[in-house]
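Q: Relevant sequence annotations retrieved from TrEMBL are reproduced here:
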- 1-28: signal peptide (SIGNAL)
- 29-332: domain 'Plant heme peroxidase family profile' (DOMAIN)
- CYS39-CYS119: disulfide bond (DISULFID)
- ARG66: site 'Transition state stabilizer' (SITE)
- HIS70: active site, proton acceptor (ACT_SITE)
- ASP71, VAL74, GLY76, ASP78, SER80, GLU92: Ca(2+) 1 binding site (BINDING)
- CYS72-CYS77: disulfide bond (DISULFID)
- CYS125-CYS328: disulfide bond (DISULFID)
- PRO167: substrate binding site (BINDING)
- HIS197: heme b binding site (BINDING)
- THR198, ASP250, THR253, ASP258: Ca(2+) 2 binding site (BINDING)
- CYS204-CYS236: disulfide bond (DISULFID)
Amino acid sequence: MKCCDTMKVALWCVVVVLIGALSFSSEAQLDPSFYRNTCPKVHSIVREVLRNVSKTDPRILASLMRVHFHDCFVQGCDASILLNNTDTIVSEQQAFGNNNSIRGLDVVNQIKTAVENACPGVVSCADILALAAEISSVLAHGPDWKVPLGRRDSLTANLTLANENLPAPNFPLDRLKSAFSKQNLTVTDLVTLSGGHTIGRSQCRFFVDRLYNFNGTGSPDPTLNPTFLQVLQAICPNDGGAGTNLTNLDVSTPDTFDNKYYSNLQSGKGLLQSDQELFSTLGAETIPIVNNFINNQSLFFENFKASMIKMGNIGVLTGSRGEIRRQCNFVNSNSLGLAIPATKDSSEDGVVSSI
Ligand code: HEM
């Protein structure tokens, strides 16, 4: 009898530990079927909005993919980038890498409204960004993947961290590598995710130094293809202006998600220094990865899926951490009427403006 009691207690302990472990892991893990019962149509709702908007604004696909990246690199994929300035929030939207640069936050709100109409209070803004990034890839003829879901939205934003963590377009390879390794992303992830530049545009101000005065030399970046240099100089005059003219990040196939981004690098036609560095840094470990992606688009696609899922897992809030925001630009305590109207500069319009 005594022995049975001991065994019962031991068994009970095992069960308790197992339940504990299971509930812990289900809190920590994202799951592609997270909304199966609570919002089964969420993927198609996001896709419909994006399909419609992209008919008149094909660039929106690129813009939303970038928003997900800039969200994940700053305190994790928690939609902190979407928070506007209020009395308690200092918005990340004014960070160097975001200000007058990120686009599409109005479309995120449009998606959120459509999702809330179908399943109120269930789907996080952070998950909407992750879904929008995958759907953007598909609509641009790139790979699809099952997006792990169950992220929750942050209660805070961090402008300082945004300035620290978002890589700049004039970064040399070692700084790009450290920005990615700070997020536990490898050199392969860096090369793969830079392939996001197979779609979208850049303003001249992000690469104009390469055209006229590279690293203070008074001459263009020697790695730039001479014909490409001339084309870019015509688009981006050396007039000390705002540098808001736009050009395609992928000169070969600007709106199609493919591996041409990498062949451009081979011919000196990477637009940003951060792009060209991957191929033109002498002896770099990134060169063979670029070459592999040039020779095998499926390999690039497989890597892109894996790296996007990995990036989408950075610092996620799950379980009871964070909240499901009612309005993506405000934490819930602030959307109950406590919100301070954003100034024109910090307002969504200012940041989102379609340049
Ligand atoms: C490796 C470091 C990176 C740097 C330095 C960088 C920098 C930039 C810059 C300067 C622009 C132009 C923004 C503008 O003109 O307003 C841009 C655009 C873009 N970036 Fe990156 N980026 C990097 C990595 C990534 C990653 C990892 C992704 C996604 C997986 C990505 C996706 C995009 C897309 C799609 C655009 C076009 C956005 C649009 O047209 O609105 N970038 N990036």
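Cβ coordinates come from backbone N, Cα and C, glycine included.
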Q: Measuring CA to CA, name the entry from the recorded positions VAL74, CYS125, CYS204, CYS236 that ends up nearest THR198 (Ca(2+) 2 binding site).
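A: Closest recorded candidate to THR198 (Ca(2+) 2 binding site) by Cα: CYS204.
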Q: Please work out the number of neighbouring Cβ atoms within 10 Å of the Cβ of CYS236 (disulfide bond), leaving out its own Cβ.
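A: Around CYS236 (disulfide bond), other Cβ atoms within 10 Å: 24.
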Q: List the Cα distance (Å, whole number) between PRO167 (substrate binding site) and CYS72 (disulfide bond).
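A: About 12 Å separates the two Cα atoms.
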Q: Does any of ARG66, GLU92, PRO167, THR253 have a Cβ within less than 6 Å of an atom of ligand 1? These are the recorded positions; tell me which, or none.
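A: Only ARG66, PRO167 qualify.
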Q: State the Cα to Cα distance, in Å, between CYS72 (disulfide bond) and ASP78 (Ca(2+) 1 binding site), rounded to an integer.
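A: Answer for this pair: 7 Å between alpha carbons.
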Q: Among all protein chains shown, how many Cβ atoms are found within 10 Å of the Cβ of GLU92 (Ca(2+) 1 binding site), not counting that one?
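A: Result for GLU92 (Ca(2+) 1 binding site): 28 other Cβ atoms within 10 Å.
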Q: In the structure shown, which of the binding-site residues ASP71, ASP78, ASP250, ASP258 has the fewest Cβ neighbours within 10 Å?
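A: Across ASP71, ASP78, ASP250, ASP258, these binding-site residues, the one with fewest Cβ atoms within 10 Å is ASP258.
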Q: Could you check which of the recorded positions CYS39, HIS70, CYS77, CYS125, CYS204 is the closest Cα neighbour of GLU92 (Ca(2+) 1 binding site)?
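A: It is HIS70, whose Cα lies nearest.
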Q: Near ASP78 (Ca(2+) 1 binding site), meaning Cα within 10 Å, which of ARG66, CYS125, CYS204, CYS236 (recorded positions)?
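A: Of ARG66, CYS125, CYS204, CYS236, within range: CYS125.
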Q: Please report the number of other Cβ atoms within 10 Å of the Cβ of VAL74 (Ca(2+) 1 binding site).
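A: If we count other Cβ atoms within 10 Å of VAL74 (Ca(2+) 1 binding site), we arrive at 28.
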Q: Which residues of the same chain, at least 6 positions away in sequence, have a Cβ lying under 8 Å from the Cβ of THR253 (Ca(2+) 2 binding site)?
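A: Same-chain residues close to THR253 (Ca(2+) 2 binding site) (Cβ under 8 Å, separated by 6 or more) are THR198, LYS260.
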Q: What Cα-Cα separation, expressed in whole Å, is found between ARG66 (site 'Transition state stabilizer') and SER80 (Ca(2+) 1 binding site)?
A: 14
